[in-house]
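Database features, via Swiss-Prot:
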- 157-205: domain 'TM2' (DOMAIN)
- ASN102: N-linked glycosylation site (CARBOHYD)
- ASN142: N-linked glycosylation site (CARBOHYD)
- 1-18: signal peptide (SIGNAL)
- 19-154: topological domain 'Extracellular' (TOPO_DOM)
- 176-189: topological domain 'Cytoplasmic' (TOPO_DOM)
- 211-224: topological domain 'Extracellular' (TOPO_DOM)
- 155-175: transmembrane segment (TRANSMEM)
- 190-210: transmembrane segment (TRANSMEM)
Amino acid sequence: MRIFYGLLAFLVARQHDAQAIQARSDKEQPQTVVSGTAVQSVVPVQAQLGSGMGPSSSSSSASSASGGAGNSAFYPLGPNVMCSFLPRDFLDCKDPVDHRENATAQQEKKYGCLKFGGSTYEEVEHAMVWCTVFADIECYGNRTFLRAGVPCVRYTDHYFVTTLIYSMLLGFLGMDRFCLGQTGTAVGKLLTMGGVGVWWIIDVILLITNNLLPEDGSNWNPYV
């Protein structure tokens with residue numbers, strides 16, 4: 001019974017770690033690189049709120065407050081924010097490009113990942129990706145830009161809890177290895193009935209210690 005509760009506590013901890021990596025990446029202050037012509041520097045507020053502001057200057061300020069991309073300068077008190085400051089919920093971002101450890105290609109393109117995967121935040125590489133603002137969202141500046149701080153991880157259909165259940169209940173048939181895409185190893189495990197039980201137990205331990213991962217290099221999917 002103690003072993004069952006211990007495994008249950010470990011499962012909860014693993015799920016929390018996977019969600020923490022994504023949450024910490026989302027909460028970090030995003031750094032953006034705007035493509036094309038750089039946006040002009042912010043107009044001082046004092047220049048817009050001078051003591052001699054009359055009716056004509058009021059209408060001029062109202063026009064500037066619309067903050068469209070066609071204006072020559074960004075009005076900080078207007079209704080529009082910089083497109084590059086928008087949260088991820090308002091952006092359509094492409095998946096990180098896999099350069100397959102080709103540092104030269106990454107330096108030339110200025111975006112993409114050298115490697116994917118990692119169990120902790122420090123192990124996961126973060127890279128730039130191209131993002132585009134959704135069509136119905138109004139903002140100031142270029143609507144397509146590079147956004148930094150995106151974690152280099154892939155999520156497929158591999159779930160840790162499901163794989164662990166397969167390993168504990170059907171591990172002697174190699175079901176866990178089949179689930180991870182390791183077909184050759186799974187057949188060997190099936191023919192030997194889980195290595196007469198020894199291989200079965202070892203794979204359960206490897207899963208719990210995060211030393212047995214999907215064959216395609218993806219991370220455990222934290223989303224159900």
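Glycine residues also receive a Cβ, built from the backbone N, Cα and C atoms like all the rest.
If you look at the transmembrane segment (190-210), the same-chain residues 6 or more away from its ends with a CB under 8 A from one of its CBs are 7, 10, 14, 119, 160, 163-164, 167-168, 171-174, 176-177.
For the domain 'TM2' (157-205), the DSSP-based tally of helix, strand and coil residues reads 40 helix, 0 strand, 9 coil. Listed glycosylation sites: ASN102, ASN142; maximum Cβ neighbour count within 10 Å falls on ASN142. Residues of the same chain lying 6 or more positions beyond the ends of the topological domain 'Cytoplasmic' (176-189) and with a Cβ under 8 Å from any Cβ of it are 158, 162-164, 166-167, 170, 195, 199-200, 203, 207, 212-216.
Taking the Cα atom of each, ASN142 (N-linked glycosylation site) and ASN102 (N-linked glycosylation site) are about 29 angstrom apart. Summed and averaged per residue, pLDDT over the domain 'TM2' (157-205) gives 93.
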